[in-house]
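S.K.: Sharing the record's features from TrEMBL:
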ACT_SITE  Ser63  active site, nucleophile
DOMAIN    9-277  domain 'Tryptophan synthase beta chain-like PALP'
MOD_RES   Lys36  N6-(pyridoxal phosphate)lysine
Amino acid sequence: MFTDLYSPLQQLRHARLSQLWIKRDDLIDPYISGNKWRKLKYILEDASTKGKNHLVTFGGAYSNHLVATAAAASRSGLKATAFVRGEQVNNEMLVLCSLYGMELIFTDRETYKDKTACYTAYAEKHADTYFIDEGGASAEAVRGCAEIITELPGDTAHLFCAAGTGTTAAGLLQGIQKAGLTAKLHVIPVLKGGEFIRDEIAQYVPVTDQLVLHTDYHFGGYAKTKPDLLKFIRDFTAAHGILIDPVYTAKLFFAIYDLAEKNYFREGEKIIALHTGGLLGIMGMKDKLI
Ligand SMILES: *Cc1c(COP(=O)(O)O)cnc(C)c1O
(Lines of atoms letter the chains of each structure in order from A and count residues from 1; the text may use other names and numbers.)
(Lines give C-alpha, C1' and ligand atoms only; values in the text may rest on other atoms or scores of the structure.)
Protein backbone atom coordinates (compact mmCIF):
# COMPACT_ATOMS: atom_id res chain seq x y z
CA MET A 1 0.00 0.00 0.00
CA PHE A 2 1.05 3.57 -0.58
CA THR A 3 1.19 4.58 3.03
CA ASP A 4 2.16 2.83 6.22
CA LEU A 5 -0.58 2.89 8.73
CA TYR A 6 0.39 4.28 12.07
CA SER A 7 -2.13 5.07 14.72
CA PRO A 8 -0.86 5.46 18.28
CA LEU A 9 -2.85 4.73 21.41
CA GLN A 10 -2.49 7.61 23.82
CA GLN A 11 -3.66 8.03 27.39
CA LEU A 12 -5.84 11.02 28.29
CA ARG A 13 -5.76 12.73 31.66
CA HIS A 14 -9.20 12.76 33.20
CA ALA A 15 -10.22 13.64 36.77
CA ARG A 16 -12.58 10.65 37.14
CA LEU A 17 -11.27 8.11 34.64
CA SER A 18 -7.90 6.52 35.41
CA GLN A 19 -7.84 4.45 32.19
CA LEU A 20 -9.10 6.65 29.37
CA TRP A 21 -7.26 6.15 26.08
CA ILE A 22 -7.60 7.61 22.62
CA LYS A 23 -6.88 5.64 19.45
CA ARG A 24 -5.39 8.32 17.21
CA ASP A 25 -6.66 7.32 13.77
CA ASP A 26 -6.71 11.08 13.12
CA LEU A 27 -2.92 10.84 12.84
CA ILE A 28 -2.99 8.25 10.05
CA ASP A 29 -2.91 10.96 7.39
CA PRO A 30 -3.84 14.65 7.25
CA TYR A 31 -6.07 14.28 4.19
CA ILE A 32 -7.21 10.68 4.30
CA SER A 33 -9.24 11.17 7.46
CA GLY A 34 -8.82 8.23 9.90
CA ASN A 35 -11.79 6.00 9.38
CA LYS A 36 -12.04 6.95 5.72
CA TRP A 37 -8.64 5.36 5.18
CA ARG A 38 -9.73 2.23 7.06
CA LYS A 39 -12.75 2.07 4.78
CA LEU A 40 -10.87 2.70 1.56
CA LYS A 41 -8.10 0.19 2.13
CA TYR A 42 -9.94 -2.93 0.90
CA ILE A 43 -12.04 -0.93 -1.55
CA LEU A 44 -8.82 0.09 -3.33
CA GLU A 45 -7.59 -3.49 -3.20
CA ASP A 46 -10.86 -4.74 -4.68
CA ALA A 47 -10.77 -2.13 -7.46
CA SER A 48 -7.22 -3.11 -8.29
CA THR A 49 -8.03 -6.85 -8.29
CA LYS A 50 -10.85 -6.14 -10.73
CA GLY A 51 -8.57 -4.08 -12.97
CA LYS A 52 -10.55 -0.85 -12.43
CA ASN A 53 -8.61 2.42 -12.54
CA HIS A 54 -11.38 5.00 -12.12
CA LEU A 55 -13.14 5.45 -8.78
CA VAL A 56 -16.61 7.02 -8.91
CA THR A 57 -18.16 8.11 -5.66
CA PHE A 58 -20.71 10.35 -3.92
CA GLY A 59 -20.88 12.90 -1.14
CA GLY A 60 -21.93 16.28 0.16
CA ALA A 61 -19.84 19.42 -0.33
CA TYR A 62 -18.16 18.99 3.10
CA SER A 63 -17.55 15.26 2.82
CA ASN A 64 -14.40 13.88 4.46
CA HIS A 65 -14.93 10.82 2.29
CA LEU A 66 -14.55 12.81 -0.94
CA VAL A 67 -11.23 14.36 0.09
CA ALA A 68 -9.99 10.97 1.32
CA THR A 69 -10.97 9.27 -1.93
CA ALA A 70 -9.39 12.02 -4.02
CA ALA A 71 -6.11 11.81 -2.09
CA ALA A 72 -6.03 8.01 -2.04
CA ALA A 73 -6.82 7.81 -5.75
CA SER A 74 -4.06 10.18 -6.77
CA ARG A 75 -1.51 8.41 -4.57
CA SER A 76 -2.53 5.09 -6.10
CA GLY A 77 -2.42 6.36 -9.69
CA LEU A 78 -6.17 6.07 -10.12
CA LYS A 79 -8.69 8.51 -11.58
CA ALA A 80 -11.49 9.76 -9.36
CA THR A 81 -14.88 11.31 -10.01
CA ALA A 82 -17.39 12.53 -7.45
CA PHE A 83 -21.06 13.32 -7.71
CA VAL A 84 -21.40 16.21 -5.26
CA ARG A 85 -24.86 16.73 -3.77
CA GLY A 86 -26.47 20.11 -4.44
CA GLU A 87 -25.73 23.17 -6.53
CA GLN A 88 -22.20 24.22 -7.43
CA VAL A 89 -20.27 25.65 -4.48
CA ASN A 90 -16.66 26.16 -3.53
CA ASN A 91 -15.05 25.44 -0.20
CA GLU A 92 -11.72 24.29 1.24
CA MET A 93 -12.74 20.61 1.06
CA LEU A 94 -13.65 20.76 -2.63
CA VAL A 95 -10.47 22.70 -3.37
CA LEU A 96 -8.49 19.77 -1.98
CA CYS A 97 -10.52 17.28 -4.02
CA SER A 98 -9.85 19.35 -7.08
CA LEU A 99 -6.11 19.70 -6.39
CA TYR A 100 -5.91 15.93 -6.08
CA GLY A 101 -7.33 15.75 -9.57
CA MET A 102 -10.83 14.61 -8.72
CA GLU A 103 -13.53 15.41 -11.26
CA LEU A 104 -16.48 17.07 -9.50
CA ILE A 105 -19.99 16.73 -10.90
CA PHE A 106 -22.45 18.90 -8.99
CA THR A 107 -25.77 17.11 -8.95
CA ASP A 108 -29.17 18.46 -7.87
CA ARG A 109 -30.68 16.73 -4.84
CA GLU A 110 -33.41 14.96 -6.79
CA THR A 111 -31.01 13.40 -9.32
CA TYR A 112 -28.49 12.61 -6.58
CA LYS A 113 -31.05 10.42 -4.76
CA ASP A 114 -30.70 7.73 -7.43
CA LYS A 115 -26.98 7.04 -7.16
CA THR A 116 -27.21 3.86 -9.19
CA ALA A 117 -28.70 5.79 -12.11
CA CYS A 118 -26.00 8.49 -11.83
CA TYR A 119 -23.30 5.85 -11.80
CA THR A 120 -24.73 3.73 -14.62
CA ALA A 121 -25.06 6.69 -16.97
CA TYR A 122 -21.48 7.74 -16.19
CA ALA A 123 -20.06 4.22 -16.51
CA GLU A 124 -21.58 3.84 -19.97
CA LYS A 125 -19.36 6.67 -21.20
CA HIS A 126 -16.16 5.86 -19.28
CA ALA A 127 -13.96 2.78 -19.13
CA ASP A 128 -12.99 0.74 -16.06
CA THR A 129 -15.07 2.61 -13.49
CA TYR A 130 -15.54 1.37 -9.93
CA PHE A 131 -18.56 2.35 -7.80
CA ILE A 132 -17.94 3.52 -4.22
CA ASP A 133 -21.03 4.36 -2.20
CA GLU A 134 -21.42 7.58 -0.21
CA GLY A 135 -19.07 7.57 2.80
CA GLY A 136 -17.45 4.42 1.41
CA ALA A 137 -20.18 2.20 2.94
CA SER A 138 -19.49 -1.40 1.90
CA ALA A 139 -18.49 -4.83 3.19
CA GLU A 140 -14.86 -3.91 2.31
CA ALA A 141 -15.14 -0.83 4.53
CA VAL A 142 -16.46 -2.92 7.41
CA ARG A 143 -13.54 -5.31 6.98
CA GLY A 144 -11.05 -2.46 7.05
CA CYS A 145 -12.57 -0.98 10.22
CA ALA A 146 -12.61 -4.40 11.91
CA GLU A 147 -8.80 -4.36 11.76
CA ILE A 148 -8.71 -1.51 14.27
CA ILE A 149 -9.56 -4.08 16.96
CA THR A 150 -6.33 -5.97 16.29
CA GLU A 151 -4.46 -2.80 17.33
CA LEU A 152 -6.24 -2.45 20.69
CA PRO A 153 -5.52 -4.07 24.06
CA GLY A 154 -7.49 -7.25 24.82
CA ASP A 155 -8.63 -5.96 28.21
CA THR A 156 -10.57 -3.03 26.77
CA ALA A 157 -13.86 -2.74 28.67
CA HIS A 158 -15.50 0.03 26.64
CA LEU A 159 -14.77 1.14 23.09
CA PHE A 160 -16.45 4.34 21.88
CA CYS A 161 -16.97 5.66 18.36
CA ALA A 162 -19.10 8.30 16.62
CA ALA A 163 -21.43 7.15 13.86
CA GLY A 164 -22.79 8.71 10.67
CA THR A 165 -23.75 5.70 8.55
CA GLY A 166 -22.70 3.12 11.13
CA THR A 167 -20.21 1.39 8.82
CA THR A 168 -17.27 2.06 11.12
CA ALA A 169 -19.28 0.83 14.12
CA ALA A 170 -20.22 -2.34 12.20
CA GLY A 171 -16.55 -3.01 11.55
CA LEU A 172 -15.61 -2.49 15.17
CA LEU A 173 -18.35 -4.88 16.30
CA GLN A 174 -17.22 -7.42 13.72
CA GLY A 175 -13.64 -7.10 14.96
CA ILE A 176 -14.70 -7.48 18.60
CA GLN A 177 -16.67 -10.63 17.79
CA LYS A 178 -13.87 -12.12 15.68
CA ALA A 179 -11.35 -11.56 18.46
CA GLY A 180 -13.78 -12.92 21.06
CA LEU A 181 -13.45 -9.82 23.24
CA THR A 182 -15.91 -8.99 26.00
CA ALA A 183 -15.61 -5.25 25.36
CA LYS A 184 -18.78 -3.24 24.92
CA LEU A 185 -19.00 -1.08 21.79
CA HIS A 186 -20.58 2.29 22.55
CA VAL A 187 -21.83 4.18 19.52
CA ILE A 188 -22.70 7.88 19.47
CA PRO A 189 -24.92 8.64 16.45
CA VAL A 190 -24.35 12.24 15.32
CA LEU A 191 -27.77 12.41 13.65
CA LYS A 192 -31.13 12.80 15.32
CA GLY A 193 -33.13 9.57 15.72
CA GLY A 194 -29.94 7.52 15.92
CA GLU A 195 -31.76 4.23 16.62
CA PHE A 196 -31.56 3.52 12.87
CA ILE A 197 -27.84 2.82 13.32
CA ARG A 198 -28.72 -0.54 14.90
CA ASP A 199 -30.32 -1.69 11.61
CA GLU A 200 -27.42 -0.35 9.58
CA ILE A 201 -24.96 -2.32 11.68
CA ALA A 202 -27.18 -5.43 11.48
CA GLN A 203 -26.76 -5.44 7.69
CA TYR A 204 -23.14 -6.44 8.21
CA VAL A 205 -22.84 -8.19 11.55
CA PRO A 206 -25.11 -9.87 14.10
CA VAL A 207 -26.07 -7.28 16.73
CA THR A 208 -25.63 -8.51 20.29
CA ASP A 209 -25.92 -6.79 23.66
CA GLN A 210 -22.27 -5.84 23.25
CA LEU A 211 -23.58 -2.93 21.20
CA VAL A 212 -24.74 0.08 23.22
CA LEU A 213 -26.25 3.08 21.40
CA HIS A 214 -26.24 6.50 23.05
CA THR A 215 -28.75 8.47 21.00
CA ASP A 216 -28.94 11.65 23.10
CA TYR A 217 -25.70 13.32 22.03
CA HIS A 218 -26.65 14.57 18.54
CA PHE A 219 -26.97 18.24 19.65
CA GLY A 220 -29.88 18.86 17.28
CA GLY A 221 -28.75 16.74 14.35
CA TYR A 222 -26.05 16.28 11.75
CA ALA A 223 -23.48 19.13 11.82
CA LYS A 224 -25.63 20.96 14.39
CA THR A 225 -23.94 22.40 17.46
CA LYS A 226 -24.90 24.07 20.72
CA PRO A 227 -22.93 26.50 22.90
CA ASP A 228 -22.03 23.78 25.44
CA LEU A 229 -20.59 21.58 22.68
CA LEU A 230 -18.49 24.47 21.34
CA LYS A 231 -17.24 25.24 24.82
CA PHE A 232 -16.38 21.57 25.26
CA ILE A 233 -14.33 21.63 22.04
CA ARG A 234 -12.34 24.65 23.20
CA ASP A 235 -11.73 23.26 26.69
CA PHE A 236 -10.80 19.79 25.43
CA THR A 237 -8.40 21.04 22.76
CA ALA A 238 -6.70 23.50 25.09
CA ALA A 239 -6.35 20.86 27.83
CA HIS A 240 -5.04 17.99 25.70
CA GLY A 241 -3.63 19.55 22.54
CA ILE A 242 -5.81 17.26 20.48
CA LEU A 243 -8.18 18.74 17.91
CA ILE A 244 -11.71 17.39 17.66
CA ASP A 245 -14.32 18.27 15.05
CA PRO A 246 -17.82 19.59 15.78
CA VAL A 247 -19.57 17.07 13.52
CA TYR A 248 -18.32 13.74 14.89
CA THR A 249 -15.56 13.50 17.46
CA ALA A 250 -16.65 16.39 19.72
CA LYS A 251 -20.01 14.65 20.24
CA LEU A 252 -18.15 11.41 20.96
CA PHE A 253 -15.91 12.90 23.65
CA PHE A 254 -18.72 14.97 25.10
CA ALA A 255 -20.69 11.74 25.59
CA ILE A 256 -17.79 9.99 27.35
CA TYR A 257 -17.23 12.95 29.69
CA ASP A 258 -20.94 13.20 30.41
CA LEU A 259 -21.23 9.47 31.17
CA ALA A 260 -18.20 9.72 33.46
CA GLU A 261 -19.91 12.57 35.28
CA LYS A 262 -22.94 10.31 35.76
CA ASN A 263 -20.72 7.52 37.19
CA TYR A 264 -21.47 5.21 34.26
CA PHE A 265 -18.07 3.50 34.43
CA ARG A 266 -16.52 1.33 37.11
CA GLU A 267 -13.20 2.35 38.64
CA GLY A 268 -10.19 1.23 36.62
CA GLU A 269 -12.08 0.03 33.52
CA LYS A 270 -10.16 0.55 30.30
CA ILE A 271 -12.04 2.95 28.06
CA ILE A 272 -10.91 3.64 24.50
CA ALA A 273 -12.24 6.41 22.27
CA LEU A 274 -11.64 6.06 18.55
CA HIS A 275 -10.60 9.43 17.06
CA THR A 276 -11.84 9.02 13.50
CA GLY A 277 -10.28 12.25 12.18
CA GLY A 278 -12.48 14.70 10.32
CA LEU A 279 -10.38 17.76 11.09
CA LEU A 280 -10.15 19.29 7.62
CA GLY A 281 -13.56 20.91 7.81
CA ILE A 282 -13.07 22.71 11.11
CA MET A 283 -11.69 25.91 9.60
CA GLY A 284 -14.90 26.15 7.60
CA MET A 285 -16.67 26.37 10.97
CA LYS A 286 -14.37 29.06 12.39
CA ASP A 287 -17.20 31.54 12.89
CA LYS A 288 -18.90 29.09 15.22
CA LEU A 289 -15.76 28.02 17.05
CA ILE A 290 -14.49 31.39 18.26
C1 LIG B 1 -17.26 9.82 8.16
C2 LIG B 1 -16.90 10.02 9.58
C3 LIG B 1 -17.50 9.30 10.63
C4 LIG B 1 -18.69 8.40 10.41
O5 LIG B 1 -18.37 7.10 10.01
P6 LIG B 1 -19.51 6.11 9.62
O7 LIG B 1 -18.79 4.88 9.23
O8 LIG B 1 -20.27 6.70 8.45
O9 LIG B 1 -20.42 5.92 10.77
C10 LIG B 1 -17.03 9.49 11.92
N11 LIG B 1 -16.04 10.35 12.17
C12 LIG B 1 -15.45 11.07 11.21
C13 LIG B 1 -14.40 12.03 11.59
C14 LIG B 1 -15.85 10.93 9.88
O15 LIG B 1 -15.25 11.67 8.93
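Yeah, the Cβs are placed from backbone N, Cα and C, and that goes for glycine too.
Remember, predicted model here, so these are calculated numbers, not experimental data.
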S.K.: In Å, rounded, how far does the Cα of Lys36 (N6-(pyridoxal phosphate)lysine) sit from the Cα of the residue listed as 'active site, nucleophile'?
M.R.: 10
S.K.: CB neighbours of Ser63 (active site, nucleophile) within 10 A?
M.R.: 23
S.K.: So how many other Cβ atoms are close to Lys36 (N6-(pyridoxal phosphate)lysine), meaning within 10 Å of its Cβ?
M.R.: 30
